[in-house]
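Have a look at the structure below before the remarks.
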Amino acid sequence: MKREHQETGAGGGSGYHVATAADMAGAKGKMTAAPSMGTEDDDCGVDELLAALGYKVRSSDMADVAQKLEQLEVAMASTAAAASDDASVLPQIASDTVHYDPSDLSTWLDSMLSELNAPPPPLPPPPVAAAVYHHHHHHHRFDVSTASEPPAITTVAPLRPSDAYDFKPVPPPAAASDGRIVYGLDPQSEMIVSPRDQKRKRTCSPSSSSSRGTEAGRARGSRAEGASPAKPAAALPVVVVDTQETGIRLVHALMACAEAVQQENLKAADALVKHISVLAASQDGPMRKVAGYFAEALARRIYRRRPLSQVDRALDSPALEDLLHLHFYESCPYLKFAHFTANQAILEAFSGCRRVHVIDFGMRQGMQWPALLQALALRPGGPPSLRLTGIGPPQSGHSDALQQVGWKLAMLAKTIGVNFRYRGFVVSSLADLESRMLLERDGNGGDRDDEGEEEAVAVNSVMELHRLLARTGAVEKVLRMVLAVRPRIVTVVEEEANHNEGTFLDRFTEALHYYSSMFDSLEGSGGQAAEAGEEEQRHRAMAEAYLGRQICNVVACEGAERTERHETLGQWRGRMARAGFEPAHLGSNAFKQASMLLALYAGGDGFRVEETDGCLTLGWHTRPLIATSAWRVAAAAAAAH
């Protein structure tokens, strides 16, 4: 005979089942068996399948054997329930049971049922000590502090769906008087049950069981009823998971892990980052995603001693960065807002000019310039001659991605009747450029046409200048180069955050707030995932990965590798002023049209455009997230050059 214990998911109790015929065949050699002395007549009518397994069952007795197997299962389950209350039950049965040859399955079942349904000895008087019954989150445990009780075949009555539950949060665990941890020291979470109350349970005996077992169950039931009056069932506390409270604990765990990293307590940081993953699993929506990316970034910083794998190097490729950038452009209004406001400032600066030159510090896929080409084509008096210089990083495989972008723009310009020239520069850093390289015209050194008219130059930087802050003096060098080309307008779009100053914990805290708002806006701009189309969900997922790469760089990297060094609009004001530039106010027309643009994204709910000292910011609710500013060469700097 074999017993197996398995947890049940519904009631949190335990169940026992009888081993199969194959299981009993394996245990056959462990039993004391008498030699079979049957004759050939005894083998007549024996079921062949069971006989092959070593069990003799006549085909005519199959129904009776099946019924007895069910009775044995019920009796064993009752014995197991009694064993959970009293550890002496199983030793008592083991010592009193006589093992018979199980090959005669019907006789063996009768003997086992007789042993299991034997009436127990009289109950001893109840001891003074009480048993405490704890219930917490569907798990049952009995702490019995009494002397050994004789075994009884009992079963616990399962709770019905109609039973009362007290739905309220369970308070933090408190220490009981005997040193045990008890949740909710009240009548609902801690009930005093006497040993005789534990015995007041239904005897589980089917109608087809032997009369001997039935009478024994009635006798035990009558003794238990006379022992003590029935007590009303108390409502059981149910743990209600408060996701808001868990979210607060998740933020606290993230901050604690960042503090441990700052203090170089890697052992505590390792434990906390694993705990963050557990807490994040109970969250839903943007909070879960943000916590996941920050946990990954913390883990990379904690285990930074390991060299980068080939997969990590592949994920850092410029081609993948451009792909994620494209999906970020499609999924939310930030880059569209940046392109629109910058183009508006460039158009106003080029008013009346016949020859214009745009220098783009981050060409990528050239998504900003089709709109500018179309606007120039519609300009009163005819379009000007446009020269575009695109700058981008080296591509894997030495592909000519910049030239392909220029070719597509040239085809568009030809279609709409704009005289267009294009030149691309591949550089690892903007600091590697020289002003003379940008002003060259097809190998000639002049920047004037045959009639002597000077080109009007505009320099455009969308989320590119902050990368220069990783190298000392690089941003100052680039701004001096910009000043040397004497632009009419310089447009700068940057993230409105401070991820470049203070301690690691300060940077981590600022990044956590900033990217939480970013992920919230991604969720709000496209509606719920269930309502979004397949393409929209793909754009959002890739946009989240784009932001996740930034989070990893801000948190996990240091030194020259940390390129996501965002600074606020106020900090950029100081840098531009020191470099010899003064602000050029963005007009009210740009503000109005930018507000209309946001209506395309979930009706514009949640997004907010603000004008601050001639600059425009786009944010989510009350948090500005990106800022557009325009600059021109200050009079003093122009006189010096």
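Placed from the backbone N, Cα and C atoms, the Cβ positions cover glycine too.
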Residues flagged as motif 'VHIID' in TrEMBL, choosing from 356-360, 426-430, 431-435, 591-595: 356-360
From 239-271, 272-304, 404-436, the residue range that TrEMBL assigns the feature region 'Leucine repeat II (LRII)': 404-436
Matching range for TrEMBL feature annotation, motif 'LXXLL motif', among 335-339, 465-469, 555-559, 625-629: 465-469
Same-chain residue ranges lying at least 6 outside the region 'Leucine repeat II (LRII)' (404-436) that approach it to Cβ under 8 Å: 361, 363-366, 369-370, 373-374, 376-377, 383-395, 442, 445, 464-465, 467-468, 471, 474, 477-478, 481, 484-485
Integer mean pLDDT for the domain 'Transcriptional factor DELLA N-terminal' (47-120): 60
Per-state residue totals over the region 'SAW' (556-632) - DSSP helix, strand, coil: 28 helix, 25 strand, 24 coil
